[in-house]
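The following features are taken from TrEMBL:
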TRANSMEM  56-76  transmembrane segment
REGION    94-153  region 'Disordered'
REGION    180-217  region 'Disordered'
COMPBIAS  199-216  compositional bias 'Basic and acidic residues'
ACT_SITE  E304  active site, proton donor
ACT_SITE  D437  active site
DISULFID  C501-C530  disulfide bond
ACT_SITE  E544  active site, proton donor
ACT_SITE  E573  active site
BINDING   T662  Ca(2+) binding site
Amino acid sequence: MYSGAAAAAGPPRRDFISVTLGPEEVVGVGGYNNSKAWRRRSCWRKWKQLSRLQRSVILFLFAFLAVCGVISYTSMGEAWKSITNKSLDDQRTEQEIPGLKLANPAVLPAPQKADANRGDYPELSPQKPPKPPHVRRGPSNLQIKAPRRDMRLKTRHDTIRTAEELVQADKAEKTEKSIISWRGAVIEPDQSTEPPSSKIKEPKKPSSVEAEDQKEPVPINERQLAVIEAFRHAWKGYKDFAWGHDELKPLSKSYSEWFGLGLTLIDALDTMWILGLKEEFEEARKWVANDLVFDKNVDVNLFESTIRILGGLLSTYHLSGDSLFLEKAKDIGNRLMPAFKTPSKIPYSDVNIGRGTAHPPRWTSDSTVAEVTSIQLEFRELSRLTGDEKFQKAVDEVMKHVHTLSGKNDGLVPMFINTNSGQFTHLGVYTLGARADSYYEYLLKQWIQGGKKENELLEDYMRAIEGVKKHLLQRSEPKKLTFVGELAHGHFSAKMDHLVCFLPGTLALGAHNGLAADHMKLAETLIETCYQMYAQVETGLSPEIVHFNLHAQKGHKDVEIKPADRHNLLRPETVESLFYMYRFTGDKKYQDWGWEILQNFNRYTRVPTGGYTSINNVQNPSNPEPRDKMESFFLGETLKYMFLLFSDDIDLINLDKYVFNTEAHPLPIWVPA
């Protein structure tokens, strides 16, 4: 309380405080020694004297400078890496060897083993290619990746997402290599010339691709969009009328069953991935996860189930990285193994995947040569992924056995082999068509898959091509088309299956991997013949079989078609070879030929309600007589090769990193261990 008495007390008294300073605290009196502790206390006092705003500004400046430093470091690192990579590439330039083009290195660790007017047919509708929107090529993350357990694909309506570049593998340092000479071809194998060791080693899981290793995606073009539209139209029919069943019957809006394993769906999985159809892919994946069951009492054909189901699952696993597909592949692979329990180790043609039993066809104890020698890519890859050597051991024994057999004619093999004796049967008949075709294809592709070290495979392939030149090549009249006929007991037949049109692509693949240059020349002449098998027919679609005229006759074309042979099954072989030829030569005419074929499929085989159908008569544009069946390989092979043919992106399934099985399922090429 303030009062008058207090005011009269006089002026207030001043109080003083006495402070004594030690000498160590007086600047300039010997106490300051520039110690770290003294400096820290001094700096901290000055920092505390700053206002909160001043401290915030200083902290912001420090953070900004740090971010700028990181960005500058990253940019300089990328430039330095680019210079380094270029220098390494320059050092690895291939040596010039006459007649030989060295193949690029492989990428995965190898096992130590081892418009005309439309016809009047009312049921079929033409299709106009859509105008290309501003979209980029799918699919995303198209690369070889390690499996991920809970992978989920992001989907988007009516959009094709950008595809990332395939994994850039580390290139191994080149070592000295022995040279193999085979009838004019000079082959320089990777690493050793010995076959793989019998010990299978679990592969290393490849790392994901860094963003800085990616190339700019190649835009989708109008023709590729037309293929996507065709696929979606076919898929619509399958989804609406045959979902989960083997094959669509588009006219009757129903389905047919062969094995009851969803063949069309499995065959189309990797096609959807390559085309960038992620919504359709995810829908199909759910069916595989929830409804694909192999434990059922059903007989399946060893060859067909291997190339379509096992091959399709392995390919989809590699492209997507989703371990679901590898687990399913292991399951079906194990269930097919009883086929090899024969006296000769030549597998039976049929397996009951539920009971674990196998048997030959009811009418014979023979298997076809193509069937028993065209399952190797898939079983070898299954061993590489699982570390279980039994799969590769079984199929390698078949190849080694066939290698030693008599009954060949300059490398050409008969069509049948007995599962009891292990010997060829029906001797004297040689063809590159049905029952023998993919034997020759898989000789080359196994050699490529395994790192070009298994010389028996190469020798058998090279000898067989020489046999083709010697015994099966002829020229037709009047256009002098080179074609591959058949030989029966010394008599030449001018018959050529459409299936034989795989050969130009295989020859081109061999030439790309260092085989004789004349293989590419032969490929160029044969693909012209395969194209003429379409161009000289009224619908522009090839029949199943043609006969060539060997003698000029007025009013006759090179190609003659018998009534029993004039059906078209939507087969892929010619488009397959067009893809290889364009990929290796860059000649646009191959794309143009493929475009003509796609347009004719749309004119004469497309069903308005969804799907495409095989036809009975390629010579009748007004009524091609639809058969009411869409083969699974139309989605698994034909449209896939169409899409790849029209692409100018060599990294969209790079042929130095992948090898296609005979059902167009890409599997990785192994890196030598």
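Note that Cβ sites are derived from N, Cα and C of the backbone, with glycine treated the same way.
Those TrEMBL annotations? Automatic predictions, nothing curated.
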- Same-chain residues six or more away whose CB lies under 8 A from the CB of T662 (Ca(2+) binding site)? I307, S374, S438, E441, Y442, F502
- In sequence order, which residues at least six apart in the same chain have a CB under 8 Å from the CB of C530 (disulfide bond)? H498, C501, P504, S542, E573, T574, S577
- Taking just the CA atoms, what is the gap between E304 (active site, proton donor) and E544 (active site, proton donor) in Å? 19
- Query: Near D437 (active site), which residues of its chain come within a Cβ-Cβ distance under 8 Å, counting only those 6 or more away in sequence?
  - Reply: A370, T431, D497, L499, V500, F502
- Which same-chain residues, if any, lie at least 6 apart from E544 (active site, proton donor) yet have Cβ under 8 Å of it: D497, H498, D565, R566, H567, N568, L569, R571
- Item | Listed active-site residues (E304, E573), ranked by Cβ neighbours within 10 Å, top entry | E573
